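What TrEMBL annotates here:
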| type | residues | note |
| --- | --- | --- |
| BINDING | B:Pro92, B:Ile93, B:Gly94, B:Ser95, B:Gly96, B:Leu97, B:Gly98, B:Ser99, B:Ser100, B:Ser101, B:Ala102 | ATP binding site |
| DOMAIN | B:63-151 | domain 'GHMP kinase N-terminal' |
| DOMAIN | B:217-289 | domain 'GHMP kinase C-terminal' |
Protein chains: 2
Amino acid sequence: MKRSIKVFAPATVANVVCGFDVLGFAVNEPGDEVIMRLTDKPGVSLLKITGDEGRLPLDPDKNTVSAIAKHYLQHIGQPNAGIEIELHKKMPIGSGLGSSSASTVAGLFAINTLFDNQLSNKELIPFAMKGEELACGYGHADNVAPALMGGFVLIRSYSPLDIISLPFPAELYAAIVYPEVDVPTKDARQMIRSKVYLKDAVTQWGNVAGLVSGLFMNDYELIGRSMTDVLVEPTRAILIPDFYVLRAMAMETGAIGFGISGSGPSVFALTRDKETAKKITQNLQQHLKSLSINSLAFVSEVNKKGPVVLD
Amino acid sequence: MKRSIKVFAPATVANVVCGFDVLGFAVNEPGDEVIMRLTDKPGVSLLKITGDEGRLPLDPDKNTVSAIAKHYLQHIGQPNAGIEIELHKKMPIGSGLGSSSASTVAGLFAINTLFDNQLSNKELIPFAMKGEELACGYGHADNVAPALMGGFVLIRSYSPLDIISLPFPAELYAAIVYPEVDVPTKDARQMIRSKVYLKDAVTQWGNVAGLVSGLFMNDYELIGRSMTDVLVEPTRAILIPDFYVLRAMAMETGAIGFGISGSGPSVFALTRDKETAKKITQNLQQHLKSLSINSLAFVSEVNKKGPVVLD
């Protein structure tokens, strides 16, 4: 049995424009790292967090990584095992890129590896969802499922949980830009209307079906024209500076499709090649700079592996 | 150029439970037949209709087959061509099996063949939708698109029209039972609420995405568990005698999934083999008989061809 492990888990783009709460994919960067050690002192302790600018709780019952590690130990019947955790945030918090999910998944993958992979990555999803509930007040799976499984993931059903790995074109890149403005997930969810017109819902599930079909068919055009959200984006776009200008720029620069990542404020574009993705992030960052808004940018293939052990 | 032609077009199961207004598939039986002849007398005339018990209009401007034939002739720049039409209904009207669609599609395929296939089947879809508008007051595509293209069809978008042919497992049978009670499409639509809860819509598009994935993956289990409709079926089921009893019987007899065909009152089950499909229709018809309700039953593979020239 290993005594110490360092794990990376990827950031994720939830919703993928039309698939609110049911679709998500993972990217190779950014992501978070967790270092975990077995110790002889019983209990889960959270030694340190870096990269969070002091925003995350150090109380092991309130921090998702340590709290979910406790759940895991209870589940495998070793509630008195001794664990030390370091969390190294390598991505922005509250960015719409599944920051809490990346931390939780890195922690879960680490502890599951230390305890001889007693659960599959898919079986870890419900644990990770508990972490999301703790962090965001809502136990969604559209970040944790792709973070754990890699690639594109469909959450067909929450009750019972039914997760499907979707195929995707071999050449598919994500251009992500995070404008440094504050959009807490809880507030972003509360803005959304609880009732919608059936005709808009029909438009939405036509697009969800189109996006899934495009992924199976390697049809970039179909993927692109399905990336339309008539229900949630119109509301969330308000929180993102010049959202429609950013979209127009991304599409003119050659994006297949463009939208809000999760609940924002990060935006993302899908492209067929890395060069186009880079150009998009450059153009968008330049525009945000002209608005005096700082931003971070990430260009990456769609992640194919989920969490990995480092070193 | 042929002077006379006889065409069969298939019945269709719209919605496929979760895919309200966006999914449909065609079956080999029942279906309608149209005989069409070129004549020297200018204009479109409707010579006779059989099998409709006098329920369909003989006025060539009101009957969808002749009215859409006129549209077609105008479109190809031959408004004064002479056409004689016979419509032979071989399926029940108002059954939820795309009766008007089968007639319109048979007529369109016939006239397009007589005029050297100037349009593709896909290009005929907007004409057929005009026919649906005339017959049902609503120009939907979820019957006409599968009737014209065969197989499973996704209508990703109505504006602009975007139709995707979906793959499906080679072994897939439909068991259809039509209880002879009256459910006009117009009334069935008006019963549906115009606003729905977003959380129910999310459940629905998770299932739509699951059904499409199941079709691509040949995953019968996934197809089956995705065939759930939380939005429309609860309302429409009221119009169908003992709907939930019929569902339970179908599922116990081995159906993959079960639901209402279109706006009902026909119900359908998908199965992996013909024998199970037959047993399901037998059990359901027997139950309906115990309620003193007459019924018709059809067992068929999923139709792979769309309309065909007979003789």
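Our numbering is plain: 1 for the first residue shown, then up by one each step along the chain.
For all residues, glycine too, the Cβ spot is worked out from N, Cα and C.
Automatic prediction, not curation, is the source of TrEMBL annotations.
For B:Gly98 (ATP binding site), the same-chain residues that are 6 or more apart in sequence and have a Cβ closer than 8 Å to its Cβ are B:Ala11, B:Thr12, B:Val13, B:Ala14, B:Gly24, B:Asn143, B:Val144, B:Ala147, B:Gly262. Look at the domain 'GHMP kinase N-terminal' (B:63-151): DSSP puts its residues at 50 helix, 7 strand, 32 coil. Listed in sequence order, B:Ala9, B:Pro10, B:Ala11, B:Thr12, B:Pro30, B:Gly31, B:Asp32, B:Met91, B:Asn143, B:Ala147 are the same-chain residues six or more apart from B:Ala102 (ATP binding site) with CB atoms under 8 A from its CB. Residue with the densest Cβ environment among the binding-site residues B:Pro92, B:Gly94, B:Gly96: B:Gly96, by other Cβ atoms within 10 Å.
Listed in sequence order, the residues of the same chain lying 6 or more apart from B:Ser100 (ATP binding site) and placing their CB within less than 8 Å of its CB are B:Thr64, B:Ile93, B:Gly131, B:Glu132, B:Ala135, B:Cys136, B:Asn143. Same-chain residues with CB within 8 A of the center of the B:Pro92, B:Ile93, B:Gly94, B:Ser95, B:Gly96, B:Leu97, B:Gly98, B:Ser99, B:Ser100, B:Ser101, B:Ala102 CB atoms, the ATP site residues themselves not counted, are B:Ala11, B:Met91, B:Asn143, B:Gly262. Predicted-model confidence for the domain 'GHMP kinase C-terminal' (B:217-289) is 97, expressed as mean pLDDT.
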